[in-house]
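Participant: What Swiss-Prot records for this protein is below:
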TOPO_DOM  1-92  topological domain 'Cytoplasmic'
REGION    1-64  region 'Disordered'
COMPBIAS  24-53  compositional bias 'Acidic residues'
TRANSMEM  93-113  transmembrane segment
TOPO_DOM  114-126  topological domain 'Extracellular'
TRANSMEM  127-147  transmembrane segment
TOPO_DOM  148-187  topological domain 'Cytoplasmic'
TRANSMEM  188-208  transmembrane segment
TOPO_DOM  209-216  topological domain 'Extracellular'
TRANSMEM  217-237  transmembrane segment
TOPO_DOM  238-251  topological domain 'Cytoplasmic'
TRANSMEM  252-272  transmembrane segment
TOPO_DOM  273-392  topological domain 'Extracellular'
TRANSMEM  393-413  transmembrane segment
TOPO_DOM  414-694  topological domain 'Cytoplasmic'
BINDING   496-626  nucleoside 3',5'-cyclic phosphate binding site
Amino acid sequence: MATEQEFTRASRFSRDSSSVGYYSEEDNTEEEDEEEEEMEEIEEEEEEEEEEDPRIGLTCGGRRNGSSNNNKWMMLGRILDPRSKWVREWNKVFLLVCATGLFVDPLFLYTLSVSDTCMCLLVDGWLALTVTALRSMTDLLHLWNIWIQFKIARRWPYPGGDSDGDTNKGGGTRGSTRVAPPYVKKNGFFFDLFVILPLPQVVLWVVIPSLLKRGSVTLVVSVLLVTFLFQYLPKIYHSIRHLRRNATLSGYIFGTVWWGIALNMIAYFVAAHAAGACWYLLGVQRSAKCLKEQCENTIGCDLRMLSCKEPVYYGTTVMVLDRARLAWAQNHQARSVCLDINTNYTYGAYQWTIQLVSSESRLEKILFPIFWGLMTLSTFGNLESTTEWSEVVFNIIVLTSGLLLVTMLIGNIKVFLHATTSKKQAMHLKMRNIEWWMKKRHLPIGFRQRVRNYERQRWAAMRGVDECEMVQNLPEGLRRDIKYHLCLDLVRQVPLFQHMDDLVLENICDRVKSLIFTKGETIQKEGDAVQRMLFVVRGHLQSSQLLRDGVKSCCMLGPGNFSGDELLSWCLRRPFVERLPPSSSTLVTLETTEAFGLDAEDVKYVTQHFRYTFVNEKVKRSARYYSPGWRTWAAVAVQLAWRRYKHRLTLTSLSFIRPRRPLSRCASLGEDKLRLYAAILTSPKPNPDDFDDY
């Protein structure tokens, strides 16, 4: 007999295996490994808890009461289901928050600039305040996400749980009480906390001003760049990890192909933005190095003059009284060498930054490096580098990253566009093959046009999706539920099915097939074997019967009507005859028609297994009322009865009047009478016993 632990593991395995349909083979390998490791750790912890606390036992339904160690995490509030709609929507929002954070962090590198007036390094105060505020807003949203992660159950809820994500109703279950410990022990909490540490803010507002006051202008750039990369690179991994986890959990991110293309373009734009910001900061460092060399060659110049008197500049004008600073600000030699665009100083790849480091336009300082990043990542070259090792390494990293990013961008967009246009291309290829075949077989123009119209109508209805094949590949229970959901409302529109119970309707929905007919299509000819029953959903059909002397009896079938009722008589007749019954009418579409088809074998199955349903008097009356054969017979019978009545009245009136030509008059009346009786006798009357034997 299976133990309690084995039963719990088996039930958990069945729940986990039911979610495989959400995953893809390429994206979920690492996530599945992580989930397996997490589940193993949880099982080990549960075994330890069982050994330590033997009081833990099963409650009703095989669920356990939570221990005191787990109850402290219940104080966080309502436990959230990771697959609930609210959590999935928040994951999408948080993905955009991560992208915003990746765009905001490089803005810290633009806060350093060179004063064109005093030729000193400073921090743009207003830009620093703006970037700090934006970073604080994204950090608050990250903190909110950490709080949500504490409340999300690390184990999926039971299938009968609440759809709103509340898995903590009716007492703590074994799967729902384990919430926060795996999130903490898997280092997810510490990693989420690391990416929101205020390292750039501390460096910008504390470290950099102190370094500027000491005159370490080149060290300032190095400290800011190292701090930025130290947190930015893990932040990129954090965003990618969240993206893949979200895709693994729900199977898609935003549900459309264009969102996938947009995410790839955003990632490429953010990469260009980060590369341009680093390029700008290294350009500031090259300018500071040039100014430092000029200061060392100038008599009376102190390195502290390379940093402004106020390290954080807010745009206020301050009177400079220091003569040494005034002399340095008026040094035209240093200005022409370091800050002039036509300088002979070897800036290398940072040549274009000369016009930016001393610019007062913040928009230009941000947009131009983004343009440089997009251009460099897209062209893989056009960089004039010096022999300095740091510049060479930077150029190598930028070019290699650009090659990888462009390759990934083109590949992903190609995949997304192929997913969008593959069906259309398959349709065009199929139409070319059909045109070639029709031309080879010399089909008439009318046939060709009918084939084209049918293919267009089928494409317009389903956009190339083979619904029958798609549903047939699903498990039997899921297939029946889906077809019952899709077809029930339409099947109930057929009056014949309105008085049947749900079991019969479920079997009918499981066997009906969706059919589309173009205008002017002959569906069935009179005298052919009836292959299926047709239930009109949209459009109109013309049902015609050929009487004697070339006379036709026609009626129109609209939504709610059906044809092929001969199959009902054939299935319920005793003894049963294997030969299919002949059709009593010809069906022609008057417009594009959508209908449900129930094949003869399916009708036979339904009538044999649910014979009691057709004994119902309401079903009998509905079948007779909506049957084209019964309607035609009833119309002819009423019409002939009326004509006989009118003929009787005519004969009665003629008995009081002397006719001028009594013989010819009587002869014509006799012919009419015989013609009427011949019509009623030769009209196809349905077998009255067909529905009495049900």
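Glycine too: its Cβ is placed from the backbone N, Cα and C atoms.
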Participant: So, does the transmembrane segment (393-413) come close enough to the transmembrane segment (93-113) to give 3+ Cβ pairs below 8 Å, pairs being at least 6 apart in sequence?
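Facilitator: The answer is no, given that the two segments have fewer than 3 Cβ pairs within the 8 Å cut-off.
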Participant: Where else in the chain does the transmembrane segment (217-237) make close Cβ contacts, counting only residues six or more beyond its ends and a cut-off under 8 Å?
Facilitator: 98, 101-102, 105-106, 108-109, 112, 121, 191, 194-195, 197, 199-200, 203-204, 207-208, 211, 274, 278, 281-282, 284-285, 288-289, 291-292, 303, 306-307
Participant: Could you pull the average pLDDT for the topological domain 'Extracellular' (114-126)?
Facilitator: 87
Participant: What number of additional C-beta atoms lies within 10 angstroms of the C-beta atom of Pro581 (nucleoside 3',5'-cyclic phosphate binding site)?
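Facilitator: A 10 Å sphere around the Cβ of Pro581 (nucleoside 3',5'-cyclic phosphate binding site) contains 18 other Cβ atoms.
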Participant: With a Cβ cut-off under 8 Å, give me the same-chain residues at least six positions beyond the ends of the topological domain 'Extracellular' (209-216) that come close to it.
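Facilitator: Same-chain residues near the topological domain 'Extracellular' (209-216) but 6 or more away: 121-123, 223, 302-308, 311-312.
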Participant: Counting only residues 6+ away in sequence within the same chain, which have a CB under 8 Å from the CB of Val530 (nucleoside 3',5'-cyclic phosphate binding site)?
Facilitator: Gln524, Gly564, Glu566, Leu567, Trp570, Leu580, Pro581, Pro582, Ser583, Ala600
Participant: Would you say which of the binding-site residues Leu547, Leu598 has the most Cβ atoms within 10 Å of its own Cβ?
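Facilitator: The largest 10 Å Cβ neighbour count belongs to Leu598.
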Participant: Which secondary structure state does DSSP assign to Val530 (nucleoside 3',5'-cyclic phosphate binding site), in the simple three-class scheme?
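Facilitator: Coil, per DSSP.
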Participant: Other than its own, how many Cβ atoms are within 10 Å of the Cβ belonging to Gly564 (nucleoside 3',5'-cyclic phosphate binding site)?
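Facilitator: Around the Cβ of Gly564 (nucleoside 3',5'-cyclic phosphate binding site), 26 other Cβ atoms lie within 10 Å.
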Participant: How many other Cβ atoms are found within 10 Å of the Cβ atom of Lys513 (nucleoside 3',5'-cyclic phosphate binding site), counting all protein chains shown?
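Facilitator: Lys513 (nucleoside 3',5'-cyclic phosphate binding site): 14 neighbouring Cβ atoms within 10 Å.
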